[in-house]
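Worksheet: one structure, shown below.
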C-alpha cells in the first residue's frame, strides 16, 4: 500500500479462541466459528485519515468468487451489523487499529485467506494478512447447527473422548474411544478429507461453495470415512482375517487412523468395522463444529432388498443358510447422529440426523447413508431424504425366519416382531452412563401406534393403493414374498423355549447352559430338539460349528423341562473371533407340525481394572495401576498393555506384561503426565497372541496446576 502498510497483525488467538470455544485447536492459524465476530489488531505504518477505510477480502477454495459465496469484499464501518461479512472498528490508538470481523451464520466453512487494502488506493493490490479457519457454530442461534443446551454443546462438540456401546442386547459392554479432535494436525486432516472427495476433485469451486450446508458436508464425510468409492479413510473388513492391517478391535481412537491416512498419502487404513467408522466420523464432524454423537443399535437389521423385513433361512438345526440369506441381523450396529436443521424438509424434521459411514448399501451410487431425520424414522416418513427406508429397517424391520426344505420349499417359523432395534444407546451428557434412546426412533414395541407406523412405512415404500393391490419382490431362493404377508405374524406354537446361562460365560472357561422348554397346553407333547452352536462375528455370520446334537423329550401337561448344554473351552478356543461371540440355536419340532426356533447370543466376559494412585494434576506425573488376569488354562507370554489417552500422554504407550501362569492375576504400574485439565479418558488394553484383546478404560479428572 503506497503511503501506508500493515507492519504487524495480532490475531488475538487467546481472546478469540476463548470466545469461539476453539482454544484447544493447536493450529498455527486462528480458528473461529461462523456467525460470530472475532477481533484482530493491525499495526500500521501511519495513522489512518478520517476519510480512509480498510477494505477486507476473504476467500476460500480455488477460483473463489462472490457469486459462489466463497469470496467477500467488505470495508470497515463504525457500526456492527448488516448481511454478509462485516468489519467494524473496535479501537484505534495512534497507528494501531483493532477491528471486529463478523461472518454470516451461513458462511462456507474451511480455510480462508484474509487480505486488505486502503479505500483510497483502488489501483493497488491487496496485502495478504494470513489465513484463518472458519467452522460451524453450534453456539450461534442463526446457524443451522445451533444447539441450545450448553451441556450438550460441551458433550457433543468439545468432548474429545467418549464411549461406544458394543456386545449383545442382554449384555451391553462399554468401550472407550479417543476422538481426539484437538490433537495435532487433526483439523488440517479433517479439512483435507473434504478436499479429497470425488465432488471436489471433479469441480472444486462448486464443491467448496456447498460447504455452508451441514446436509452437504455430512453426506460427503459419510462417504469419505469409508474407502469404497474413493480414497477414503478406512477400509472395512468383516471376514475375521486382518492380514496386512490392524484388527478393528485394536483401534482405541480416531487419531492414529486419521494420521496414518494423511501421512500415507490418503491410502485407506486397514481395517475398520462399524464402531471404527462411527468413531472416526464423530471426530471429523465434532472437529468441524457439528454436534455429533455415536449411537449403538442392538439387533440391527441389514435389509438388503428394502422390503422392511429381515428374512433368515435356516435348516432343521436352526443354522443360517448363508447362500440363501441375503438379509442379516447384526448383534449391534454403530452409527452417528448429528444435530442440525433440515432446510430441505422443514422444521418438523430438525434435530438429530442419522449418518452412517459403514459401507453397507449404496445411496445414489455411493456407499454412504444419511442424513436421515430421526423424527422422520419414528413417524414412518421414509420417503424423505436421505436413505429413510434403510435406516427405518435397521431399527424397525420385522424378523422372519424360514425353514428351508430339501425340495426347495420353505415354511415360516415363529419369530418375534420385537426382535429388531433394541436398546438403542448413546453416552449420557456429562457422564459415562448409557442412555436408552429407542423412544426417539420408534413408538413402544407392539403398541398400536408402532404397528400403524410400520404399515405406513410399508405403504410408502411399495405405494400400495387403498384397493389392496399387491406387489411382489424377488427374494432369496428365487421365491416371491407378497407384501401383505409381511404384516401377518406366524402362528404362535404351543410350547415356549428359552436358553438360560447357568454360570457366567467367561473367556477361557467351559460354557454351561440349559434349554428350558414349557408346554403351554393341557395335553402331553413330544418335542424333537435339534441343537447347534457356532462361533460368530458380531454380524452374526457363523465362523465354525462347535455344537451339533439332538434330543427327543416328552412334555407333560403344562410341564417345564431343561436340556443341559455344555461346551468345553477346547471346543471353541481355536475358532473364537476377536468379537468373543457364540450363537446357540434350537429348532424345536412339535408333534403336530409346529416349529419353534430359539436363539441365544453369548458374549464371553473378561477382566481388567484400572486405578489411578493419587491426584492427577497437569504437568505432574501420576502412577496408574492395571490389574489383569490370564483368562485361559495355559501359560502365556508376550502379553502387553497398550495405553492411549488424549491430554494424558503423547501417542500410544506399550508396556510389557510378565509371563502369566494359567488364570494368574497380576498388577502392572506405570506413570503418565497429564498435559490438559478436565475429565480425561485413559484406555488400557491387554493384548496377547493367545486370546482376544481385553479392553478397559477409566475417566481421570485432571486438575490445573496451582
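Using the three backbone atoms N, Cα and C, a Cβ is placed for every residue, glycine included.
Marked as domain 'Transglutaminase-like' by TrEMBL: 266-359. For 274, 333, 356, the entry in TrEMBL reads active site. Residues or ranges marked as Ca(2+) binding site by TrEMBL: 396, 398, 445, 450.
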### Task
May I ask which of the active-site residues 274, 333, 356 is closest to residue 398 (Ca(2+) binding site) if we compare their C-alpha atoms?
333
### Message
Can you tell me which of the active-site residues 274, 333, 356 is spatially closest to residue 445 (Ca(2+) binding site)? Compare CA atoms only.
### Response
333
### Message
Within the domain 'Transglutaminase-like' (266-359), count helix residues (DSSP H, G, I), strand residues (E, B) and coil residues, in that order.
### Response
18 helix, 40 strand, 36 coil
### Message
Using the alpha carbons only, what distance in Å do you get between residue 333 (active site) and residue 274 (active site) once rounded?
### Response
6
### Message
Looking at the recorded positions listed here (274, 396, 450), whose Cα lies nearest to that of residue 356 (active site)?
### Response
274
### Message
Quiz question: given the recorded positions 356, 398, 445, 450, which has the greatest number of C-beta atoms lying within 10 angstroms of its own C-beta?
### Response
356
### Query
Cα-Cα separation of residue 274 (active site) and residue 396 (Ca(2+) binding site), in Å?
19
### Task
Across all the protein chains here, work out how many other Cβ atoms are within 10 Å of the Cβ of residue 396 (Ca(2+) binding site).
24
### Task
Give, as a single whole number between 0 and 100, the mean pLDDT over the domain 'Transglutaminase-like' (266-359).
95
